Amino acid sequence: MAITKTSATFVLLIILAASLSNFNVLASDIKPTGRIDNQCKRMCSATYGNGKCAADCRSDGFSSGQCFTSPPFDNRCCCNN
């Protein structure tokens with residue numbers, strides 16, 4: 001019986017110590033996604049449209065690209081990761 005009480009006390013002390021610990025072991029960096037990763041370098045025009053924009057973006061290593069005409073993009077080819 002003494003061994004059971006001792007082991008139960010020991011387990012409870014370990015649980016108490018773990019719950020009072022200030023270490024944040026599961027923390028990790030949060031990396032932004034979405035528009036912040038977009039690249040809008042080229043200007044779109046009547047001769048440089050969505051097709052050429054997407055092709056240039058893919059050749060630059062992005063997954064896709066499209067011409068955006070609304071502010072704040074102001075008719076630019078934006079490449080997406």
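First residue shown is number 1, and so on along the chain.
Cβ from N, Cα, C; glycine included.
As annotated in Swiss-Prot, Cys77 shares a disulfide bond with Cys53, one of the listed residues Cys53, Cys57. Looking up Cys44 in Swiss-Prot gives a disulphide bond whose other cysteine, out of Cys67, Cys78, Cys79, is Cys67.
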